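What TrEMBL annotates here:
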- 1-35: signal peptide (SIGNAL)
- 34-67: domain 'EGF-like' (DOMAIN)
- 38-48: disulfide bond (DISULFID)
- 57-66: disulfide bond (DISULFID)
- 533-614: region 'Disordered' (REGION)
- 535-551: compositional bias 'Acidic residues' (COMPBIAS)
- 563-574: compositional bias 'Basic and acidic residues' (COMPBIAS)
Ligand SMILES: *[C@@H]1O[C@H](CO)[C@@H](O)[C@H](O)[C@H]1NC(C)=O
Ligand SMILES: *[C@@H]1O[C@H](CO)[C@@H](O)[C@H](O)[C@H]1NC(C)=O
Ligand SMILES: *[C@@H]1O[C@H](CO)[C@@H](O)[C@H](O)[C@H]1NC(C)=O
Ligand SMILES: *[C@@H]1O[C@H](CO)[C@@H](O)[C@H](O)[C@H]1NC(C)=O
């Protein structure tokens, strides 16, 4: 028994907390629980992190107990420093806008103040999900019967000061994946309240371009306030870095060497002609598929997927057969963004500006194959969706950094062609894109004989690729967030795949990513979509029949941003596929994805999410 001081608005309350100081956990409990109270009156305007004794204020307040409201100038300066730009003086309109999304809707235990959760007394955490138990140790959603799921992984989320996390602009956040993942951690039961005994430690930053200082600050903070960074030397600590060129642009210095960066960019060696530096580190990092919300896919004409079991019955007749091009691509071809010239003497780009765009591969493929029978490469295709759905092979190149067409193709059911030397695709090397997609044996050198490679793929091999693609596509889809568009159950979606990789890596820390499948049968089965439990979407299909679609609406901002980054000509491209599906139904998951909630900030109760698989 040790007394613990906790401050309450009315004054000091002496609270007796019992500690069962059992051998091995003694140290960490000792660290986690500090009898440092929050300044008096903290919870009047702010949130008291009871574990750290830190008083967090909403972004328009300051002072030890948030008692002072910032004046207009100070507020404008703070907002600007946080990245609020445009729209009103210093972007203040947006800075204090209620449209800023609160994590997990403050777990129903707090008030959302422009993205910051002002938690009810005794609750704390960026989403108010934490409280201290009678033993003085943190609990997650204690009054809601939260228990971590058996399969794991156990992910601990650091509670960083709000200026690093929830104060930041979520209105214009164009890649919301990191935030969504945070909410999903709680919903799946993979989040744990205590860092001791966790498999992974997450720094909940959504890094995007040149955020290196912010990352270092966060690392400094966790090193100082918690024991786990020093204990692990930064291993099994993770962060999302979702900028176009991944880790490299979000990291500064070597301090974060052992961290796992989750990014979209798997470039593991330099490509000087493109001005790219190696970004992905094979031993630590993970490539995550780009988040493509349904409204965006719909705009591209990709509301339908060939993987859906009812595609053949429901799709428009012109979509049913693979009667489109043999090889198809639409988007920027020349780095300068201008359409290539095909008049005499040879086809060429008009200028050599940005000739390293897409690693030069779009240009090279075009120059070798522009007029080949069955090949369609165009700058802008009014039948974008239709062609992606009806072509046999779709080119999935890089952009000005990572690309997204390989993911679009996988989702739509077109066999992706990967020509990007030195780049790992999403979830590689655990997943083998060569098994369900096409890679040239000699990589980019073989571009001139692409047609021969494709011609060499017989009907049986093609059918095999397609059947594997149906599973791989599930790993690329964020179905547990956005709903199921392929009649899948959500078991193998991108979030679950990431979690499964984290689980496996934590259990086999010495095994490189490419070796995990061989030593971990559970992972092997998972990656082949044959784990059993709650996997197939039978229920989903039945519900789709009944017409109660989830109508997932992810907001679209995320992928639109990606498309901009890549210079995709997607926006105006083809509505043909969009009307192609016919019935406006989307198979519903056993886990109903929150309607709009995640992206748009509608209330949602993560604690109440069913967990259809263990
Ligand atoms: C971790 O190590 C650094 C450097 O030695 C030290 O400054 C810091 O206090 C340590 N953190 C903890 C929680 O002990
Ligand atoms: C990374 O981990 C290794 C041990 O695996 C350690 O020697 C090294 O100091 C760590 N690097 C950093 C920057 O913490
Ligand atoms: C990274 O992984 C790729 C694919 O597995 C491999 O070809 C490459 O040699 C590795 N690069 C380094 C630097 O280890
Ligand atoms: C295709 O274009 C090349 C020049 O790039 C030309 O030599 C060839 O004759 C053309 N083939 C056809 C079938 O038009």
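The backbone N, Cα and C atoms fix where each Cβ goes, glycine too.
Note that TrEMBL annotation is computational and uncurated.
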Please spell out the DSSP helix, strand and coil residue counts for the domain 'EGF-like' (34-67). 4 helix, 8 strand, 22 coil
Integer Cα-Cα distance in angstrom, residue 66 (disulfide bond) to residue 48 (disulfide bond): 11
Grab the pLDDT values for the domain 'EGF-like' (34-67) and give me their mean, rounded. 94
So for residue 48 (disulfide bond), how many other CB atoms are inside 10 Å of its CB? 26
Measure from the Cβ of residue 66 (disulfide bond) and count the other Cβ atoms within 10 Å, all protein chains considered. 22
Long-range same-chain neighbours of residue 57 (disulfide bond), Cβ under 8 Å, sequence gap at least 6? 45, 46, 63, 66, 116, 162
Measure the Cβ-based neighbour count of residue 38 (disulfide bond), defined as the other Cβ atoms within 10 Å of its Cβ. 23
